[in-house]
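Worksheet for the structure shown next.
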Amino acid sequence: MGDVRAPVYLVRHGQSEWNVLRLTQGQTDHPRLTDLGRAQAEAAASVLAADLADGEARLVTSDLLRALETARTIGDRLGVEPVLDFRLREQHLGSLEGLRYEESWAHAELHDWTDPELPMAGGESVAAVRRRLAEVLDAVDPAVPTVLVSHGDAIRAAIALLLDQPVTDVPWVEVANGSVARWDGELAWLDPVGDDGPDFAVDEHGTLPGTRPTPR
């Protein structure tokens, strides 16, 4: 990604119904955005419109409903049609999908994080997520600003790739619903999250920065 000139934006979907219910989503596809989630999508769209001075951009989104709803809101504001790319999906979390966060965390505590090829609960490994995100980033047109709408763990994988962090040593970054990160050789978090990045405190899911990613 060193030759990318135009910025790449990483946007997490707005709050979903399962975020509120504290249910592990993974690639489960029926949760829709809440009213707050739709407002977060509108806020992300405003941030992007302000940062993209000339309005030209390519918009690519995960095909999962919560991301697609977010991308459509952004696309309406930017005047572009979102392109679906399944490689931007969240990590497949196997048998953990549908469980409450606390149940998923208990499993995550037993997961061998030293083996990035080990699938999570019969789903997808961290390394597999990283490989498909690498394909997406490698395909970015360096001449056109690109907005990628995705999910928490997938965005963490993308950030690790952009920062050249090894797959076995990816620090925890809480990616808030509706947050927007911009990569132009350096990583910056845009308002409404703030230029200094997400608040490194106990997040909405009860996790602390520096811990291993937990499934949700």
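A Cβ is built for glycine as well, from the same backbone N, Cα and C atoms used for every other residue.
TrEMBL annotations:
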| type | residues | note |
| --- | --- | --- |
| ACT_SITE | H13 | active site, tele-phosphohistidine intermediate |
| ACT_SITE | E90 | active site, proton donor/acceptor |
| BINDING | R12, H13, G14, Q15, S16, E17, W18, N19, R66 | substrate binding site |
| REGION | 194-216 | region 'Disordered' |
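Features per TrEMBL, on structure.
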| residue | record | DSSP (3 states) |
| --- | --- | --- |
| R12 | substrate binding site | strand |
| W18 | substrate binding site | helix |
| R66 | substrate binding site | helix |
| E90 | active site, proton donor/acceptor | coil |
Distance, E90 (active site, proton donor/acceptor) to W18 (substrate binding site) (CA atoms, angstrom): 14
Cα-Cα distance maximum in Å, computed over every pair in R12, H13, G14, Q15, S16, E17, W18, N19, R66 that the record assigns to substrate: 15
E90 (active site, proton donor/acceptor) versus G14 (substrate binding site) - Cα distance in angstrom: 14
Greatest C-beta neighbour count within 10 angstroms, which of the recorded positions R12, H13: H13
Additional residues surrounding substrate, by Cβ distance to the R12, H13, G14, Q15, S16, E17, W18, N19, R66 centre under 8 Å: Q25, P31, L33, T34, G37, N177
Other C-beta atoms that fall within 10 angstroms of the C-beta of W18 (substrate binding site): 21
Euclidean distance between Cα atoms of H13 (active site, tele-phosphohistidine intermediate) and R66 (substrate binding site), Å: 6
Nearest-integer angstrom distance between the alpha carbons (Cα) of S16 (substrate binding site) and E90 (active site, proton donor/acceptor): 13
CB contacts for S16 (substrate binding site) [other CB atoms within 10 A, all chains]: 26
Distance from E90 (active site, proton donor/acceptor) back to H13 (active site, tele-phosphohistidine intermediate), taken between C-alpha atoms, in Å: 11
